[in-house]
Amino acid sequence: MLCIVCSMANCKKLRLKDAALKRLLSVVVVTLLGVLLLIVSLRTNTTPGLSELDEDLSEFTDIQSFSEKLNLPKQNEFSIRLAKINQMPPRNRDLYPKLAKDHITIVLYVHNRPQYLQVVVKSLSKVVGISETLLIVSHDGYFEDMNKIVEGIKFCQVKQIFAPFSPHVFPDSFPGVSSNDCKEKDDAGKKHCVGSPDQYGNHRSPRIVSLKHHWWWMMNTVWDGLKETRGHNGHILFIEEDHFIYPNAYRNLQLLVSLKPIKCPDCYAANLAPCDVNLRGEGWDSLIAERMGNVGYAFNWTVWRKIHRKAKEFCFFDDYNWDITMWATVYPSFGSPVYTLRGPRTSAVHFGKCGLHQGQGQTNACIDNGSVNMQVDDIDRVANIRSEWGVHVYDNQPGYKAGFKGWGGWGDDRDRQLCLNFAQMYHSYNTSLSAVTMS
């Protein structure tokens, strides 16, 4: 009997020891988890910018994997960082928490002309309705002066994206300058250099081809890549850093977009300015239908799909200008005239005096007296388009058309393949573009 009692006492002690051990292990596990979470938190907070992403980077990883399959240029650390920044949410959401239901997103694509950018940003700040929409600024590479100007914008939600495959991001390899690249009119066989010349015998210039690369990358990214705009059915407005925007531009554009299906159902787009950049409009009491312009143009996803299906035509046309490429080969391939609808008085003006890659720095070379003095009348401050107006159609306007051979600068097979890859970047291999190969 005594033995049984002792055995029971020993069992009780063992159970107590076991419970104590379990409690100790629980404390240790909780402590370790706390330490691990603290380490992760500290690591995340020491990576500037990346902790601000509104979603994980799984999508970015997918794009990276797909990029490797597409044989895109191997990204350096800076290129990878820019690609990650592109997934950050818009700024100023605390100031403008909600976008208007019928807002038209504005995309401003820029290069490296800070004086120009200051002018367009100042003009945008005075646009009626600008606080209702999202402004996306697409950079061709990274330039600190340009970045500072955009970071100072407080008048609307703003999102920055940077072309991660810009030649400006690759200082010593394609799509930038490689040490063994052919230059000017080099004979590749004799010089043992890399490159295929354009139709005029000239080899690629990275700072020139970046114009077309940036526009095509931007279009594919805005329409098919960004969380904020992919699958968007409405119109998106595209402007450049040397476009002065009038205060009534946004309200006029909203009217044009609403009137287009009624007044000009065959029009592909709406424009803020005449296709002839030297004109300011007719001043008539009439809407105007004419050929697509390149200043303040807006179209929807349906039109983008038509453009996207012409990737091969766009990427193989030997002209480094995106707009001339569109006029001379893409639009004509649609099979019918490509009209755009605009008002009789301009709401945007091209003010640039210098070419794409001039005007950098703080000199006054490209802007008279360092500023732009644009006359803005009272009629330019309010919407001046009327729904009761008819439409005047311009037929057979002068300009680049099918049959134009192009100005060259776009003959290198590597540029053409990179261009095609941009068109596939956000699509599966099941698309029709997967059949497009270099030939």
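Heads up, the Cβ atoms here are built off N, Cα and C, so glycines get one too.
Lifted from TrEMBL, the feature list:
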BINDING   Asp140  substrate binding site
BINDING   Asp242, His350  Mn(2+) binding site
DISULFID  Cys182-Cys193  disulfide bond
DISULFID  Cys264-Cys267  disulfide bond
DISULFID  Cys315-Cys419  disulfide bond
TRANSMEM  21-42  transmembrane segment
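What TrEMBL annotates, mapped onto the structure for a quick look.
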residue	record	Cβ within 10 Å
Asp140	substrate binding site	27
Cys182	disulfide bond	20
Cys193	disulfide bond	16
Asp242	Mn(2+) binding site	25
Cys264	disulfide bond	19
Cys267	disulfide bond	26
Cys315	disulfide bond	22
His350	Mn(2+) binding site	16
Cys419	disulfide bond	22
Candidate disulfide-bonded residues Cys182, Cys193, Cys267, Cys419, pick with smallest Cα gap to His350 (Mn(2+) binding site): Cys267
Spatial neighbours of the residue listed as 'substrate binding site', counting only the recorded positions Cys182, Asp242, Cys315 and Cα distances within 10 Å: none
From recorded positions Cys182, Cys193, Asp242, the one whose Cα lies nearest Cys315 (disulfide bond): Cys182
From disulfide-bonded residues Cys182, Cys264, Cys419, the one whose Cα lies nearest Asp242 (Mn(2+) binding site): Cys419
By Cα-Cα distance, the member of disulfide-bonded residues Cys264, Cys267, Cys419 nearest Cys182 (disulfide bond): Cys419
Distance, Cys419 (disulfide bond) to Cys264 (disulfide bond) (CA atoms, angstrom): 33
Alpha-carbon spacing, Cys419 (disulfide bond) to Cys267 (disulfide bond), which is rounded to whole Å: 27
